[in-house]
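I have placed the structure first, in the form of structure tokens, so that the comments after it can refer back to it.
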Amino acid sequence: MSRLRRFNRKILSLSSDYTHDGESDQEDVSILPLDTEEQEELIQKFETNAHITNKLYINLLSILYLLYGGLLMILVRKSRGYIKLALLAGANSLICSCITLRYDIVNDYLLFKKFKLRVSNFSINIINIILLVLMAWISFNHVVEDKKTVLCLQVPMFLFWVAVLVKRWARNIEDEIADLRCLKYKYKNA
């Protein structure tokens, strides 16, 4: 068990005193392989560490989405015409980005007991892209009128791509941990 703790400390800490090139002291990781229980403990540690980190990033991004969405709603009250429509599209785009970032959605809804409406992250992303295109089209057509607002309207596009990248990054980490579980070997210490 102490060997596992030393191994975990070496891997998980970002200390600069990690020894390389044959330098050894008593705290170095043993060259003996980890047994199956130690492997499972280490993989579970990686999994919980990744889950906590993902949750932190998603919560921080959600707060950022809510704050910027509130700012856009304040700007909606002060603006007129087409810019108001673009700001509303930007606020709705932020809502869609936040929903797809936080949740994995696959729901079926019955409309008027005849039509079946399937709502998933893919369909929310399609709506989000339509809103972003509408917002960009309006903002670039009226760039002469209000340049500050046009710059504010570029942030929802950036935050959409951030949400997509964070979601993909979280899925990649989950896949890597699943691959790590498949690579476990059978070894028992005496």
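Cβ coordinates are placed from backbone N, Cα and C, and glycine is handled just like the others.
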Is it the case that L180 shares a side of the membrane with R80, at least as far as the topological domain names in Swiss-Prot go?
no
For the topological domain 'Extracellular' (77-80), give the DSSP counts of helix residues, strand residues and coil residues.
2 helix, 0 strand, 2 coil
By a Cβ-Cβ criterion of under 8 Å, what residues six or more beyond either terminus of the transmembrane segment (124-144) are in contact with it?
81-83, 85-86, 89-90, 92-93, 96-97, 99-100, 105, 150, 153-154, 156-157, 160, 164
For the topological domain 'Cytoplasmic' (1-55), what is the mean per-residue pLDDT, to the nearest integer?
68
Report, as numbers and ranges, which residues of the same chain sit near the transmembrane segment (56-76): CB under 8 Å and 6 or more residues beyond its ends.
84, 87-88, 90-91, 94-95, 97-98, 101-102, 149, 152, 155-156, 159, 162-163, 166, 170
